[in-house]
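What Swiss-Prot records for this protein:
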- Asp16, His17, Gly18, Lys19, Ser20, Thr21, Asn133, Lys134, Ile135, Asp136: GTP binding site (BINDING)
- 4-186: domain 'tr-type G' (DOMAIN)
Amino acid sequence: MSLDHIRNFSIIAHIDHGKSTLADRLIQFTGALSERDMKEQVLDSMDIERERGITIKAQSVRLNYKAKDGKTYVLNLIDTPGHVDFTYEVSRSLAACEGALLIVDAAQGVEAQTMANVYLALEHDLEIIPVLNKIDLPSAEPERVREQIEEVIGLDASEAILASAKSGIGIEEILEAIVKRVPPPKGDLDAPAKALVVDSWYDNYLGVVSLARVYDGVLKAGEKIRFMGVGMDYPLDNVGFLTPVLTKVAELKAGEVGCIMAGIKKLSDARVGDTITTVRRPCASQLPGFQPAKSMVFAGLYPVDSADYEDLKDALEKLAINDASLNYEVETSPALGFGFRCGFLGMLHMEIIQERLEREFDLDLVTTAPTVVYRVKQTDGQIMDIRSPGDLPPTTKREYIEEPYILANIMVPAEYMGPVMQLCTDRRGTQKDMSYISDTRVMVQYEMPMSEVVMDFFDRLKSMTKGYASLDYHLLDYRMSDLVKLDILINGDPVDALSVIVHRNISQYRGRELAKKMKELIHRQMFDVAVQACIGGKIIARETVKALRKNVTAKCYGGDITRKRKLLEKQKAGKKRMKQVGKVEIPQEAFLAVLKVD
């Protein structure tokens, strides 16, 4: 197969704009799968991807298409995730392509995440083909959306393809546009082999399977290959294509995208973004930089039953095999026992990992409040990264604390502008820009602390705009802030899993609200339970969960008051003794309450 007949392309879109459905139609149209094997969202292989209707891991498929010019082309589709947390996955997928289909919902128009992905594609110099999807909807306005694409993104949308992935309209036009407009890959077959790892996943029988784009040379089964980033050598057992079913072949040549199976046991040895070459004839340099995924949000995961600790450890190991952006380390908590401090790309990533642990591995988990990475300058001049409120040094040992700030792009219908601006201001945001994309839609830019976004900002934004707002954000820098650690004491003992780092201005309010919430959630015991919120040793709020008590004077009937008093005093002394030895069970909901306090 000559390079001229290969096209590598990806699909970029906002969540729910019909990307995976379009991929299904392309697979169906080119006959890559029989009718019997077709199911909705073929490329979304995880149950949770299908249920939530989102793509998490980048997947890939090789299609053979006979074009109108009579030639047969090989089209390599690399599917990309569309959610803000998975931008790193998108950038890897785009690096392996020469072109991209930009899918925009003809009813909803350009969304924040569409913009972010388009800019990524333009950075990689890709040929972008705009496609207006869902044109069969009664609310579709293709002309308005065309203007939006031209005004907001600056792409020429006069030749944008009108399509409907659901009813199969415009699929052939899309395939023809890919053949005509996407440039063929460049590559030298005689040069030393050089390939980029686009994705890696774990197969129970084959070990780690890596999806790679070959730039130069040939990778043959039976050769020894080297992963240059980690410096590991492996015998190459098999190579193959995904059609989307794995099909083995003898070799992968320059320009092609395929799977590499080398019996690798650990995913960390086949890092995404690494360069593969052969040991016999290595290439001179690695492909330009891919950074390892950086965790932005940290949370503690603990098993409800401490006997499940080993199961949780195994489950995290298995998930980390398939998810290079998840990292974790062992953590112990006096309140919750043994568990793990896990790092995630963002809030959605965290929810998905948690859901997969509970669903696929049948674990009951307690999750602590998520925190971002704070930076502290200590009095001895050292800079320290704080991933958990428990790591924060005391006030006497720190000079200042810095927290990460993000630039948030929010697209919102004009009628909801007021509440959205109020929400951003409440979350310590400062407005940077505001522009009308159309008569009814506004794009606003806010700089705000990331810690204010990780809690429940996205949920609040969606609910106050009836689901019409879209959000995209990226990290700006670290800035000094007046932050304090808020502790919750139960009967005088701090519960580390309930500690949070908050801004001083709202710390009093948060403390009061959290104490009230705890009072509601902690079950009544046989003795009084004091719930206190404290900052740096100073108690700022207190609530008492009243004791359950038996009516000890019920059997007295008439008689002297001193008799009743004696019984009550005796009960009081008993409760006091009980309080000294009694342990308070804190229910799972109490740990989640930290997230819900507004």
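Any Cβ shown, glycine's included, is placed from N, Cα and C.
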Helix, strand or coil at Ile135 (GTP binding site) [DSSP, three-state]: coil
Mean of pLDDT values spanning the domain 'tr-type G' (4-186): 74
Which of Ser20, Asn133, the listed binding-site residues, has fewest other Cβ atoms within 10 Å: Ser20
Long-range Cβ environment of Ile135 (GTP binding site), under 8 Å and at least 6 residues apart: Ala106, Pro142, Leu162, Ala163, Ser164, Ile169, Gly170
